[in-house]
Amino acid sequence: MPELRSAALVGNPNAGKSALFNALTGARQKIANYPGVTVERKAGRLILPTGETIELTDLPGSYGLDATSPDEEVTRKVVLGELPGEPAPQVLVVVLDASNLEQHLVFAQEVIALGRPTVVALNMVDLAERDGLVLDPAALESALGVPVIPTVAVRRRGLPELAAAIAAAEERSAERPHPHTTLTERRVSAQAIAEAAILSETAQHRLHARLDQFLLHPWIGPLVLFGLLFVVFQAVFTGATPFADALEGGIAAVADQVRASVPQGMVRDFVTEGVLSGVGSVVVFLPQIVILFFFILAMEASGYMARAAFLMDRLMARVGLSGRSFIPLLSSFACAIPGIMATRSIADPRDRLTTILIAPLMTCSARLPVYAVIIAAFIPNRAVLPGVGLQGLVLFGLYVVGIVGAMVVALVLRSSVTKGAASGFIMELPKYQLPRAKDLLLGLWQRAWIFLRRAGTIIFTVTVVLWLLLNFPRAGEGQNQVDASIAGKLANGLAVVVEPIGFNRDIALSLIPAMAAREVAVASLATSYAVAAEDEEQAALALGEQLRTKWSLPTALAFLAWFVFAPQCMSTIAVARRETNGWKWPLFMLLYLFSLAYIFAGITYWSAVALGL
Ligand SMILES: Nc1nc2c(ncn2[C@@H]2O[C@H](COP(=O)(O)OP(=O)(O)OP(=O)(O)O)[C@@H](O)[C@H]2O)c(=O)[nH]1
Ligand SMILES: [Mg+2]
């Protein structure tokens, strides 16, 4: 074989390819316990025991080389070397889930039959042992005709052996011509090979089977899911409050320090009004973000997420979608961008388009600061039932409105622009696993970092620009600075449009910069109130107190309703353009979401006024 330069990890979804990739290359690709996590190929550097460095590619999971979804197509093209200018990887590393051998052998045989240098990583042997399976790698090796290396990716077991086997992988096609086999033939032989490789099996599946009976029960299951989500939103409020208060106090103390030590003038105003009030008002939501992601990551790692998709399948079928759409939609709770990317695992193009179009309706974590600031200011912090706070309940309600909105929109789209029947849904349920503390902490750290980086880059930049636009031209004697500024004048124009739905000029002012990212709405409200403040004492007031004195309850509620729908995120539009190959659908998305935002904010405002709130 010519000098070894490249290898790729192939196998069924959820076999642990990305976990192996991370362990072998030191990368930090997302891993989670459900199929369809990786949707793009990703390359990294692997150093072999021989000292050579090769390029290792992580691929999306696949069930076969003739699969049709966009992510599986990537796998096929890379494996077969169909990408222009990119030769096929020299060594194929087939990753098998040892606890799910028979099923994973079906695709493995297809890859091995290509006759290329191949190594099998028999991964998750720890789970197989846990389930009472004793395997014989040697039997598997002789049945498959390629080296088989037992591994535990998450505990780094078997990695040096795997790397050595990659280095030693041999050219095989000449000696072992494989006839083309059909899927049925491969299924039959998969069963035979698995049987021969399994030395003994004790019935230890019982606990998990019982757990599934309970969690997948037609009506207990949804109840548990609903209850769980409910707990999450309660925790986001109650758990975060002390930390958020401490952060807020810290930022206020820094602002006081700046006021005391920097002489009065533009520099001081810039730091206190622009940076500390503006960016600081977003950063205080870090504890909420961390708590939300703690639950999301734990659900992903434990294997519960895929069960939730299974439970939702029936509901999704009613609106013309399948459980396949559930995972992209669920990812959209973090951010619509990975959510829209995750739709690549949906084979049916119309299912996929519908899912892309409704993904922005899922409440992404960027909305959390907006919701939380309004809820904390306007919704009394009292218990409706023992242990059930009103604030958490309202937050939960906002998430539900987003979900219901998405379902209604899906129903309408599926009977008009993306007309068609729901496609079937099959997804394998992953094994239950206890989330590993290290993975959880790493995941939380990554999410916290993403949040802080946004605050330091995009939110900071937009807030600085806004602060400049708010401060120039300077106000004359007796005139308010915001009224005199460029930003104030621009906002006056937009205010005419949004006044009918109960929005004031301050809100109009925050909506334009918030197109960059939703959290900017909070930062720009805080900055504009700090700039508009008559004196230092007023400027130092927390945003919540400013809102309470300046907004009516109907206005605050209309603002919440607006943010359930409004597509205020440039990056989402950009990703939708890339994933749908054109401007048509992102423009459609902008139009329908802004219309819904306007209509629902208006309905909310006028209903609240009519109710005398
Ligand atoms: N116990 C155990 N868990 C593992 C092992 N390898 C991976 N996992 C877990 O299995 C789950 C799936 O791992 P991934 O690496 O995301 O799987 P993948 O093959 O990349 O999946 P797709 O990207 O969806 O194709 C994760 O929860 C991992 O933590 C292993 O050897 N033992
Ligand atoms: Mg993966």
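Keep in mind that glycine also has a Cβ here, set from the backbone N, Cα and C atoms.
The model shown is predicted, which means the values in this text are computed figures rather than measured ones.
According to TrEMBL, the protein has these features:
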type	residues	note
DOMAIN	4-172	domain 'FeoB-type G'
TRANSMEM	214-237	transmembrane segment
TRANSMEM	275-298	transmembrane segment
TRANSMEM	319-341	transmembrane segment
TRANSMEM	353-380	transmembrane segment
TRANSMEM	392-413	transmembrane segment
TRANSMEM	448-470	transmembrane segment
TRANSMEM	588-611	transmembrane segment
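Most Cβ pairs under 8 Å with the transmembrane segment (353-380) belong to 319-341, among the candidate stretches 214-237, 319-341, 392-413, 448-470, 588-611.
Beyond the ends of the transmembrane segment (588-611), by six or more residues, the same chain brings 356-357, 360-361, 405, 409, 417, 500-503, 553-555, 557-567, 573, 576 to within a C-beta distance below 8 angstroms of the stretch.
Across the domain 'FeoB-type G' (4-172), the prediction's mean pLDDT works out to 93. In this chain, the transmembrane segment (319-341) lies out of contact with the transmembrane segment (448-470); the count of Cβ pairs under 8 Å, excluding pairs fewer than 6 apart in sequence, is fewer than 3.
Listed stretches 214-237, 319-341, 392-413 were compared with the transmembrane segment (275-298); the greatest number of C-beta pairs under 8 angstroms is found for 214-237. Sequence-distant neighbours of the transmembrane segment (319-341) (same chain, 6+ residues past either end, Cβ-Cβ under 8 Å): 34, 36, 39-40, 292-293, 296, 305-306, 308-310, 312-313, 351, 354-356, 358-360, 362-366, 399, 406-408, 410-411, 413-415, 420-425, 427, 447, 569, 571-572, 575-576, 579.
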